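Participant: Please find one structure pasted underneath; my questions will follow.
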Amino acid sequence: MSSLSVYHVSSPEIPNKVLTHFEDIASTLAEQGVRFDRWQAAAKIQPGASQEEVIGAYKEQIDKLMTERGYITVDVISLNSDHPQKAELRAKFLEEHRHGEDEVRFFVAGRGLFTLHIDDYVYAVLCEKNDLISVPAGTKHWFDMGENPHFVAIRLFNNPEGWVANFTGEDIAGRFPRLED
């Protein structure tokens with residue numbers, strides 16, 4: 001089940017609130033300019049699936065988002081616990097960073113913890129299959145796939161180069177809860 005835990009930056013051990021109802025999660029994130037939506041991930045995709053398989057299975061949804069928001073680049077991150085670079089990828093995504101453009105993720109399998117650092121608050125969004133999250137350009141965030149990743153997410157960008165992170169150098173991500181396997 002998707003959830004949202006909201007923390008003040010000064011108290012990473014205790015959330016101010018925890019939400020599990022879709023409407024509550026979506027409205028709380030919308031107040032911060034973040035889109036959280038439910039889409040139907042109809043095709044059966046397993047972590048480890050190729051980018052071509054995933055894009056082919058979700059072409060209609062991808063085309064809709066690209067047309068709706070003007071995204072020009074799409075890629076897929078598909079990881080399972082056997083991936084040889086899982087530790088390196090986890091470490092990279094766990095560093096707080098921002099992008100010069102919106103970042104959109106549509107989870108078509110598994111789950112991941114997408115954490116946003118906005119002003120004095122941290123919003124930890126547990127995203128699962130069917131969840132779509134769109135983070136505005138410039139929003140500081142990090143992503144945890146857990147020690148044993150199991151997820152497939154379609155990522156859309158306004159940048160032709162795709163995923164380009166500007167790391168903040170802050171260690172805040174290490175102070176907040178991570179995704180437990």
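Cβ from N, Cα, C; glycine included.
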Participant: Which of H83, H141, H150 does Swiss-Prot put in the same Ni(2+) site as H97, H99, E103?
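Facilitator: The one candidate that Swiss-Prot places in that Ni(2+) site: H141.
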Participant: Other than its own, how many Cβ atoms are within 10 Å of the Cβ belonging to H141 (Ni(2+) binding site)?
Facilitator: 24
Participant: What three-state secondary structure does DSSP assign to H141 (Ni(2+) binding site)?
Facilitator: strand
Participant: Which of the three DSSP-derived classes (helix, strand, coil) applies to E96 (site 'May play a role in metal incorporation in vivo')?
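Facilitator: DSSP call for E96 (site 'May play a role in metal incorporation in vivo'): coil, neither helix nor strand.
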